[in-house]
Amino acid sequence: MSGAKRCPDCGSSEIVEDAHYSQDQLVCADCGCILSEGLITTTVSEETSLQAVRYSDSTGENDSVTYCMKRGIIRVRDLCRVLRLPDGFVDTALSYYKQAVGLPLYRLVSIEKKEIIVGCCVYITCRQQQWPITMGTICSLIYAKKELFASLFMDIVQVLKVDVPSISLQNLVKSHCRSFKLFKDSSEVPPQYAEKLDTVSERTVQTVELAYETWLVTGRHPIPMITAAAYISWQSFQPSRRLSCSLSRFCKLSDVDMPPPSTIRLKELQETLIKLAYHLPWLKILSLNRKNIVQHLGDLLKHRALLLRRALAVTEAELSKGTEASSSTDQLNSTLVFLPPCVSNPKKRSRSIAFPCGDLDITGDEEISDSEIEQYLRTPAEMKDYQQVQSCISSV
C-alpha cells in the first residue's frame, strides 16, 4: 500500500497493487479506479525474465472440473428435468453430488455406482423437500439394481450427514394416482371407465390408510399396494360396469406398469375387507367374497375406526378365554384377525436334515453312541490314541 498517492476521483489513500496477468497495476480499493497500468514489455530481456500466468491462476479458478464430474452434473440435471423438479431442487442435488464425488470413498468407483450416486443425490433432495417419489422410480430411470441403490443411499446419507425424513404416504398416493390415464379428462378413455382424479385419490388414500392400520403396508414397497388400492377404489364407484375389468387390464388402460406383487396385495386387501365386513350388522347376512366386497367399500371406509375397534375387542375376548384352538395355525389366523403377513403366513425354512418328532429340544448333554464316535476316527494314529485312552479309563 502506498500512503503518498491518493485517488484522483475519490481522494482515498487506500491504494493497493493488483496483479493482472503478468502486469502489476495500482488500484483504488474504495472506488476501483486504476491509477497506473503496467507497462507492456518491449525488450527481449524483459520478455525472457517474465513468466506466463495461467488463466485459472489469475482468476482464482484453481479447482479443475474432471470429465466424470462434468458428466455427472449433466446427468443430475437431466434426471431432474425428467422428474420435472423445480430449479431449487437441481441446485441442492448438484451440491450433494459434488460433495459425494469429491470424497475419496467414491472417487474410484465403477461407472454403475457413479450413476447410482447421481440418483441418490436427487432422491435425497426429493425426500428432504417432501416431494413424493419412490426409490423404485429412480432405479427404473437410471437402470440400477434396487439392492445396490439402497446400500449406496444409506452410505451417502451417513457420509454426508444429511437428514432424510420419511415419505408422506398421502402425498405419494396422490402423486401415483396422477399417472393413471383413466383418471384424466381424455377422449381416449371409455365413458364407463372414466373417473375424476380427486374422487379416486381421496378414496385411495383412505384404503391405503386402512391397509397401513392392518399391517399390509409395513416393511413393503408402497407402489404395489397403492396400485391395488386405486383399482379397488375405482371399481367401487361403478361396480356393475367395472367388476369385469381385471387388474392387468386396468393398468393397461391407465397406461401404467403393473408391479408383480400387486395381485398378491389385492388379494390381501380383499381378505381384510371381508374380515371387517362381518362386524357390520347389515353385511352379516350377505354372502361376501372377493368380487362383491368392492360394492361395500364406501361403508367399510366410513366406519373403519369402529370396525377395527370391534375386531380388536373380539380378538382380545377370544384370547382371554384361553381356547385350546389357538395352537392350530388355521384357527390362529381366524382368532387373531390382523397380523403382519410375515407372522400370519411365515415362509417355510428349508432344513438339510429334518428333526425327529420330540427331539427339537437339544441341550448338548446328550450321550454319543460308539458308532457315531467311530465316524470321526479317520487315521490309525487317532485309533491308537483312542485305544490308549480307553485302556487308561478301564485301568482306573
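Yeah, the Cβs are placed from backbone N, Cα and C, and that goes for glycine too.
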The residue range that Swiss-Prot labels zinc finger, out of 3-36, 71-104, 241-274, is 3-36
C342 (cysteine sulfenic acid (-SOH)) to C7 (Zn(2+) binding site) - Cα separation in whole Å = 82
Given the binding-site residues C10, C28, and counting only Cβ atoms in the protein chains shown, which has the most within 10 Å of its Cβ?
-> C28
Residue among the recorded positions C7, C31, C342 whose Cβ has the most other Cβ atoms within 10 Å | C7
Tell me the residue counts in helix, strand and coil for the repeat '2' (173-249), as DSSP assigns them.
-> 48 helix, 0 strand, 29 coil
Apart from C7, C10, C28, C31, which residues in this chain have a Cβ no more than 8 Å from the mean position of the Cβ atoms of those residues at the Zn(2+) site?
-> P8, D9, G11, S12, E14, A29, D30, G32, C33
DSSP on C7 (Zn(2+) binding site), three-state: which is it?
-> coil
